[in-house]
Amino acid sequence: MKRELRNLVLAEMSSLGQKQHLELSHKIIANAVKFFDGHSFHTIAVTLSRFPEVETAALIAYLWQQGKRVCAPKSDGSTKGMQFYKIDSWSDTEPGYKGILEPKETSCDAVSKSEIDCIIVPGVVFTPKGYRIGFGGGFFDRYLEDYTGVTCSLVASLQLYEQLPIEHHDVPVQYLITEKNILRVESNG
């Protein structure tokens, strides 16, 4: 069922025209800016998005302008693990796992989990309680198991579903940032 939902929502997101996708992303990012302006995070972890995900480039540029320490994940497909690295510009990135932009390990400093104040967790489908279906690798669920900082996700309303199949290893996010509002997840039960 997870695979079917993932494919359905990815198809819906992909069916948005480029203009509509960018407009939707800009509305979500505007709320993300409000969210980050309301918190004193220093180090923020974010994936370098690709279509049809919510576009993160404008948010990353904003965080750099605000003097935030931005880090992005480098994935290891063989272990299904991740390590975050500080990025200061787009020149610090290159295509990596599955063609996704990732930090250049040779020129970027590793950032430990305990240094990250907030992680923007990617996903495809979400519930109002913060549970998510990701892209199927389980990278973030494993990484978040012992993470104690704040988690949020950038979510288009069409990605929200009342219920999803939840497994014992699924880790919910604490905030959902949509084009309409910022939702604090009250209960993860």
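Each Cβ is built from the backbone N, Cα and C atoms, and glycine gets one as well.
As written in TrEMBL, here are the features:
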BINDING   LYS2, ARG3, GLU4, LEU5, ARG6  ATP binding site
BINDING   LEU48, GLU53  substrate binding site
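One way to see the shell of the ATP site is to take the Cβ centroid of LYS2, ARG3, GLU4, LEU5, ARG6; the remaining same-chain residues with a Cβ within 8 Å of it are MET1, ASN7, LEU8, VAL125, ILE133.
Its Cβ placed at the centre, ARG3 (ATP binding site) has 9 other Cβ atoms within 10 Å.
For the binding-site residues given as GLU4, GLU53, the lowest number of other CB atoms within 10 Å of the residue's CB is seen at GLU4. Ranking the binding-site residues LYS2, ARG6 by C-beta neighbours within 10 Å puts ARG6 at the top. For LEU48 (substrate binding site), the same-chain residues that are 6 or more apart in sequence and have a Cβ closer than 8 Å to its Cβ are THR56, ALA57, ILE60, ALA72, THR93, ILE100, LEU101, GLU102. Around LEU5 (ATP binding site), a 10 Å sphere centred on its CB holds 15 further CB atoms from the protein chains shown.
Between the CA atoms of ARG6 (ATP binding site) and GLU53 (substrate binding site) there is a gap of 12 Å, rounded to the nearest whole number.
Rounded to a whole value, the Cα-Cα separation of LEU5 (ATP binding site) and GLU53 (substrate binding site) is 15 Å. The distance from the Cα of GLU53 (substrate binding site) to the Cα of LYS2 (ATP binding site) comes to 17 Å.
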